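Down below is the structure, laid out as structure tokens.
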Amino acid sequence: MQAYQRDFIRFAIDRGVLRFGEFTLKSGRTSPYFFNAGLFNTGSALAQLGRFYAAAVVESGIAFDVLFGPAYKGIPLASATAVALAEHHDRDLPWCFNRKEAKAHGEGGSLVGSPLAGNVLIIDDVITAGTAIREVMQIIKDQDATAAGVLIALNRQERGNGELSAIQEVERDFGIPVVSIVSLNQVLEFLADDPQLKQHLPAVEAYRAQFGI
């Protein structure tokens, strides 16, 4: 595990974004942990989050021309990542996002910010079912751009209804890498090393054994 990944897990726990207990997911599964990126909800938290995304961008080695944040959750994530790349990695890159509803007046259209052109890195919080990413892929295709990859905060490494996870399905269907700041592997490693949180390790390991990929 990289230092920034360990720092990100600690940061997510401290912010209440990553919690352990018993949670019912949309899928109906009872999960021993829950990740809610909406709780990165202050200026300093968003700035710090952008630095973690930027570190993961650099680590991934994915070549791209523009960052894209899908509405709505992806918008602040893409902007924070763009700021962090410029301030901390000397990479001043364009970014843009989409509106859920196209606008007929003003600048018009459904895209805001830089033109969506060339190789596009999509920034989002998680991929649950993959539906949102499929919509984004169509937006990129409509602009004659190319998806270079997807970066999310957490890969749950959890299969859907079939044998693959939603992330693996996206990788298979679109032939692009999906990378994350951390995956469940790193969360398990963090729990094993933390005396106060180690109590949650058996439940998370059991969940992984049942639903993991």
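Using N, Cα and C of the backbone, Cβ positions are placed for all residues, glycine too.
Feature annotations, courtesy of Swiss-Prot:
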BINDING   Lys26, 72-73, 99-100, Lys103, His105, 124-132  5-phospho-alpha-D-ribose 1-diphosphate binding site
BINDING   Phe34, Phe35, Thr128, Arg156  orotate binding site
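Excluding Phe34, Phe35, Thr128, Arg156 themselves, the residues of that chain whose CB lies within 8 A of the CB mean position for the orotate site are, in sequence, Leu25, Ser31, Tyr33, Val126, Leu154. Of all the binding-site residues in the record (Phe35, Thr128, Arg156), the one with the smallest CA separation from Lys26 (5-phospho-alpha-D-ribose 1-diphosphate binding site) is Thr128. Checked against Lys100 (5-phospho-alpha-D-ribose 1-diphosphate binding site), the binding-site residues Phe34, Phe35, Thr128, Arg156 differ in C-alpha distance, with Thr128 being the nearest. The Cβ of Ile127 (5-phospho-alpha-D-ribose 1-diphosphate binding site) has Ile133, Val150, Ile152, Asn155, Ala166, Ile167, Val170, Val178 as same-chain neighbours under 8 Å, each 6 or more residues away in sequence. Per the record's binding annotation for orotate, residues Phe34, Phe35, Thr128, Arg156 show a top Cα-Cα distance of 12 Å. The separation of Asp125 (5-phospho-alpha-D-ribose 1-diphosphate binding site) from Arg156 (orotate binding site), Cα to Cα, is 11 Å.
Counting in whole angstrom, Lys73 (5-phospho-alpha-D-ribose 1-diphosphate binding site) lies 14 from Phe35 (orotate binding site) by their C-alpha atoms. Non-local neighbourhood of Ala129 (5-phospho-alpha-D-ribose 1-diphosphate binding site): Gly160, Ala166, each in the same chain, at least six residues away, with C-beta under 8 Å from its C-beta.
Taking Cβ-Cβ distances under 8 Å and a sequence gap of 6 or more within the same chain, the neighbours of Thr128 (orotate binding site) are Lys26, Ala166.
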